[in-house]
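**Student:** Got a structure here, written out as structure tokens. Questions coming.
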Amino acid sequence: MIAQVIVDIAASQTDRVFEYHIPDDLSGVAIGSRVVVPFGKRKLQGFVVGISKTTDYDGKLRDLLLVTDEQPPLTKELVELSAFLAKAIFAFRISILQTMLPRVMRANYRKILIPLTPEAKKLPYFQQTAHEVDKITDPEELKFVQKLLKDNQAKIEYLVENQAKEKHELIYLPALANGQYQELYEQTRKTATKQRALLMDLVTARNSYPKSGSAMHDQGFSSALLKAAEEKGWIKCKEVEVYRDPLADVASKKPAELKLNPEQAKALAKIGQAISDQQAHPFLLEGVTGSGKTEVYLRAISQALSAGRNALMLVPEISLTPQMVRQVRERFGQEVAVLHSALSDGERYDEWRRIRRGEARVVVGARSAVFAPLENIGLIIIDEEHEASYKQEDNPRYHARDVALWRAKFHHCPLVLGSATPSLASRARAQKGLYTLLRLTERANQHPLPEVKIIDLKQAAFAGGQYDLSTELASAIQERLARHEQVILMLNRRGFANFMLCRDCGFVLQCPNCDLSLTMHKAAGEMRCHYCGHHEPIPKRCPNCHSSQIRFMGTGTQKVEQELTELFPGVRIIRMDVDTTRRKGSYKRKLDAFGRKEADILLGTQMIAKGLDFPNVTLVGVINADTGLWVPDYNASERTFQLLTQVAGRAGRAEKKGQVLIQTYNPEHYAIRLAQTQDYEQFYRYEMRMRHAGDYPPYYYTVLISVAAKNETNAAREAFKIRRQLNQQLHPETIVLGPTPSAISRLKNQYYYQILVKYKKEPKLNDLLHQIQDAGQKVKKYGLTINIDNEPERIM
Ligand SMILES: Nc1ncnc2c1ncn2[C@@H]1O[C@H](COP(=O)(O)OP(=O)(O)OP(=O)(O)O)[C@@H](O)[C@H]1O
Ligand SMILES: [Zn+2]
Ligand SMILES: [Zn+2]
């Protein structure tokens, strides 16, 4: 038998199947197995993606060396998915296979120097520990080693190490029948109190065995006592694997008996029908903030489980929504596994294995959990489906939503995309009937949406010297402090510090061709459009009103925190940004503290906008709504609208009425006006018109091709060559923009040029791009790298 293997080198020359003979003692190998294979004179980790009886290869195939795991880590489904994705997103298949698995399952390679001849073996050099060739830095030593190798005195042994480690624990079980313990108890001296206590425990608490070593110790049974008991044949001791459980502290809870409102009930019925009919149908659940989408998800999961199937639920970077994870765990207990980046490697590996072994039936996780090795899936949910974080920014550049669509088809199960502010792409698909639109138009508990007020910063008076807080926002905060209610303040960090804004008239400098803001390149002294390549000098005065009060936008949470403490002495603030939440678990700790009312104000970046449900929050303030509006991306308005609507939704979720104040220099902008009324549907219609007029998605599909090189001319030349190729082979209606230097045109001393292709129908494009990519790999020796991003979230 022959195994088809994808080996662990991400390069175009090795991005294909290699064949190996399966020796008799490894006949347990299966599709999805992780293996070690010889490759040249090295050894590599690989994955079996196919098994066949015959081969076209004339020579003698080499043998597989090892099958790493008892159970193949990848299911057949995932192997198939990897083939599909590799083609769709221009990634190496090995990169995708590795993305599907926990990081610890990547191999660790070591090159060890081994003496060959008897003389060499006697050398003092080999009397010490093993020498790792790659770690030798001393030039003298290197010379010495090279000579040994040249003279065949030593050789290099290649090791492929499995980094995945299981955690083990001792457990104790009774070895005798109940009656025998009774007898032993009576025979044992009264003074041997510990022994008698153990025997008594074995009689009276027999049902609680097997017990872990730590449980025994907690009961006062020492290791010495247990050892003696084992020797006497009273008990047996076994080493078993234990899971590291990231949610060990969450207790199961009976769900509160909520009666679904009619809209929720209707949505659930539709989804439930698709679960029982095993229909691979996507739903878009568009529900205003606080409309009870979570309850619909949880009940749908329940239905899938009752139907004997499993459920997969994605949430945006989970550590950011601890409240959601808790709820799922409370409802479904031990059947829930979580996967996200804040887990330790060990926890992640264990959760992953519980899923692979079929011990977890509900998986909640962030983006990469879309590859969870869950079988028999009956429902997939993506919460906050509009979130950009569902798209991976570097290779392999997959979008979790597209992967979920593929898996839903494979398993014949519904996919539920939920959001208060769906992505335009999904909403447009619902419009076309590709997805079924389900709407929740009111808050579940009948409380009104909060009242939103816009503060025009061009007219406003400022409370402090920093120009961050208007007097109106400051006095609203003061009121809440006096009433012991809580405040959430958000500082928008998107598009930070690099566009021009006039403080007098609110003008933002934009590209004359693209209606996108220009980005400042200080070093070059230029404002540039990253879409079409337009550039002009950095202005000294406002081009609109000639005021000299222009600013290059940017402010930080620390600065705002300082201003708050000056204005409200004694105020308790919890600050959340990338700096204060870097440590593991600190995000959750801070939120918990805020929930316990240990602070008056939660001040943070967009990371606080989503999913939080704090009943005592009655005021939400947005310090700067504008910054996100002018980032040079076609979806800047969409992102701004989503962010403002989401953050507004954090106010007044319980009994107390909520208020939202949005500070902006652009009160007339439609994204801000419509966020004020929290009217997603109207925003959708308006934004679709804008996209149509500008030939942007979802009216067009997009692909971004970027070329990087150490030498700027080489990058540009290759980019222009690609553009010519595209122009020759694509339809005339297809729009090819660029090449233009990327926003960060130089990164780690590489220059970047990019081309954007916008098309409606180009059946040949995927193949053409694969050709371009392969050709690009051949010129890699000139230091060129070509990256292709299908449906980029950012085109900066
Ligand atoms: N049928 C119901 N009756 C009463 N209360 C409900 C009902 N359904 C949900 N709720 C409550 O309404 C609140 C908001 O629900 P939930 O957090 O699910 O909203 P959501 O739609 O996910 O909001 P967001 O998009 O803002 O995260 C929760 O406290 C939830 O317990
Ligand atoms: Zn432009
Ligand atoms: Zn101006």
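Please read every residue number as a count from 1 along the shown chain.
Cβ coordinates come from backbone N, Cα and C, glycine included.
Marked as Zn(2+) 1 binding site by TrEMBL: Cys502, Cys505, Cys542, Cys545. Annotation source TrEMBL lists Zn(2+) 2 binding site at Cys511, Cys514, Cys529, Cys532. For 274-440, the entry in TrEMBL reads domain 'Helicase ATP-binding'. Taken from TrEMBL, the feature domain 'Helicase C-terminal' applies to 537-705.
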**Student:** Could you state the whole-number distance in Å separating the C-alpha atoms of Cys542 (Zn(2+) 1 binding site) and Cys529 (Zn(2+) 2 binding site)?
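**Tutor:** The separation of the Cα atoms works out to 18 Å.
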**Student:** If you run the three-state DSSP split on Cys511 (Zn(2+) 2 binding site), which class comes out?
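**Tutor:** Once the DSSP labels are grouped into three classes, Cys511 (Zn(2+) 2 binding site) ends up as coil.
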**Student:** If I restrict to non-local contacts, at least six residues apart, and a C-beta distance under 8 angstroms, what lies near Cys505 (Zn(2+) 1 binding site) in its own chain?
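**Tutor:** Result: Lys458, Cys542, Asn544, Cys545, Ser547.
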**Student:** According to DSSP, which kind of secondary structure is Cys545 (Zn(2+) 1 binding site) found in, if we only use helix, strand and coil?
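**Tutor:** It is coil.
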**Student:** Taking the mean position of the Cβ atoms of Cys502, Cys505, Cys542, Cys545 as the Zn(2+) 1 site, which residues outside that list, in the same chain, have a Cβ no more than 8 Å away, listed in sequence order?
**Tutor:** Arg503, Asp504, Gly506, Phe507, Pro543, Asn544, His546, Ser547, Gln549, Ile550
**Student:** Ten-angstrom check, please: count other Cβ atoms within 10 Å of the Cβ of Cys542 (Zn(2+) 1 binding site), all chains counted.
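**Tutor:** Other Cβ atoms within 10 Å of Cys542 (Zn(2+) 1 binding site): 21.
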**Student:** To which of the binding-site residues Cys502, Cys511, Cys529, Cys532, Cys545 does the lowest count of other Cβ atoms within 10 Å belong?
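**Tutor:** Least crowded of the binding-site residues Cys502, Cys511, Cys529, Cys532, Cys545, by Cβ count within 10 Å, is Cys545.
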**Student:** Tell me which binding-site residues (Cys502, Cys511, Cys529, Cys532, Cys545) have a Cβ under 6 A from ligand 3; sequence order is fine.
**Tutor:** Cys502, Cys545
**Student:** Rounded to a whole angstrom, what is the C-alpha distance between Cys532 (Zn(2+) 2 binding site) and Cys502 (Zn(2+) 1 binding site)?
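**Tutor:** Here the two Cα atoms lie 24 Å apart.
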**Student:** Just the number: how many Å between the Cα atoms of Cys529 (Zn(2+) 2 binding site) and Cys502 (Zn(2+) 1 binding site)?
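**Tutor:** Cα-Cα, rounded: 18 Å.
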**Student:** To the nearest Å, how far is the Cα of Cys511 (Zn(2+) 2 binding site) from the Cα of Cys502 (Zn(2+) 1 binding site)?
**Tutor:** 16
**Student:** So if I take the binding-site residues (Cys505, Cys511, Cys529, Cys532, Cys542, Cys545) and measure from each Cβ to the nearest atom of ligand 2, which come out below 6 Å?
**Tutor:** Cys511, Cys529, Cys532
**Student:** DSSP three-state call for Cys502 (Zn(2+) 1 binding site): helix, strand or coil?
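**Tutor:** It is in a strand.
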